Amino acid sequence: MAMKAVCVLKGDGPVQGTINFEQKESNGPVKVWGSITGLAEGLHGFHVHQFGDNTQGCTSAGPHFNPLSRKHGGPEDEERHVGDLGNVTAGKDGVAKVSIEDSVISLSGDHSIIGRTLVVHEKADDLGKGGNEESTKTGNAGSRLACGVIGIAQ
């Protein structure tokens, strides 16, 4: 049975958006789509973080969701956090149209992202290839512009 989820992204500044998730079968890939507005033109890191806690803004969401204790990487890499979804690209109009299919995240089971926080970052994610320690943790993606808790949808 298909599962669906949704996340409304908000931050302290102009960045906001709505991201949808759908998984047709429990061990199948998750489709991720939607749009984010108010971004600077270019690439922005896009990750699922550990906690669904936004009590202190996006900071209380903790680190990237990483139940397998791996190093940070890109969405196509074998060595990656479960929450590593790479980058979204904003055009000159500040809008990023998101369309991703990922086989590591899930809407159920051990890798479920339900109840966790989705974050869009200030800078591009270097996908763990930045050559320093921070790269292997965060991809040097910078501050958290907007976030929201991923919830079950109809």
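Here the Cβ of each residue, glycine as well, is placed from N, Cα and C on the backbone.
Keep in mind that what you see is a predicted model, and the values were worked out from it rather than measured.
Annotated features, as they stand in Swiss-Prot:
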| type | residues | note |
| --- | --- | --- |
| MOD_RES | Ala2 | N-acetylalanine |
| MOD_RES | Lys4 | N6-succinyllysine |
| LIPID | Cys7 | S-palmitoyl cysteine |
| MOD_RES | Lys10 | N6-succinyllysine |
| BINDING | His47, His49, His64, His121 | Cu cation binding site |
| DISULFID | Cys58-Cys147 | disulfide bond |
| REGION | 59-81 | region 'Disordered' |
| BINDING | His64, His72, His81, Asp84 | Zn(2+) binding site |
| MOD_RES | Lys92 | N6-succinyllysine |
| MOD_RES | Lys123 | N6-succinyllysine |
| MOD_RES | Lys123 | N6-acetyllysine |
| MOD_RES | Lys137 | N6-succinyllysine |
| MOD_RES | Lys137 | N6-acetyllysine |
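Annotated features taken from Swiss-Prot, shown on the structure.
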residue: Lys4; record: N6-succinyllysine; DSSP class: strand
residue: His49; record: Cu cation binding site; DSSP class: strand
residue: Cys58; record: disulfide bond; DSSP class: strand
residue: His64; record: Cu cation binding site; DSSP class: strand
residue: His81; record: Zn(2+) binding site; DSSP class: coil
residue: Lys123; record: N6-succinyllysine; DSSP class: coil
residue: Lys137; record: N6-succinyllysine; DSSP class: helix
residue: Cys147; record: disulfide bond; DSSP class: strand
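A simple way to gauge crowding: the CB of His72 (Zn(2+) binding site) has 29 other CB atoms within 10 angstroms, across all the protein chains here. Panel annotation: around the region 'Disordered' (59-81), residues 47-53, 100, 102, 104, 110-111, 113, 116-117, 119, 125, 127-129, 135-139, 144, 147 of the same chain, lying at least six beyond its termini, place a Cβ under 8 Å from a Cβ of the stretch. When the recorded positions Ala2, Lys4, His47, His64 are screened for a C-alpha within 10 angstroms of the C-alpha of His81 (Zn(2+) binding site), the residues that qualify, in sequence order, are His47, His64. Rounded to a whole number, the C-alpha distance linking Cys58 (disulfide bond) with His64 (Cu cation binding site) is 12 angstrom. Put simply, Lys137 (N6-succinyllysine) is 8 Å from His64 (Cu cation binding site) when counted between their Cα atoms. Close to Asp84 (Zn(2+) binding site), meaning Cα to Cα within 10 A, are the following recorded positions out of Ala2, Cys7, His49, Cys147: His49. Lys92 (N6-succinyllysine) falls outside any helix or strand according to DSSP and counts as coil. Apart from His47, His49, His64, His121, the Cu cation site neighbourhood in this chain, defined by C-beta within 8 angstroms of the site C-beta centre, holds Gly45, Phe46, Val48, Ala61, Pro63, Phe65, Gly83, Asp84, Val119, Thr138, Ala141, Arg144. Sequence-distant contacts (6 or more apart, same chain, Cβ under 8 Å) of His47 (Cu cation binding site) comprise His64, Phe65, His81, Gly83, Asp84, Leu85, Leu118, Val119, His121, Asp125, Ala141.
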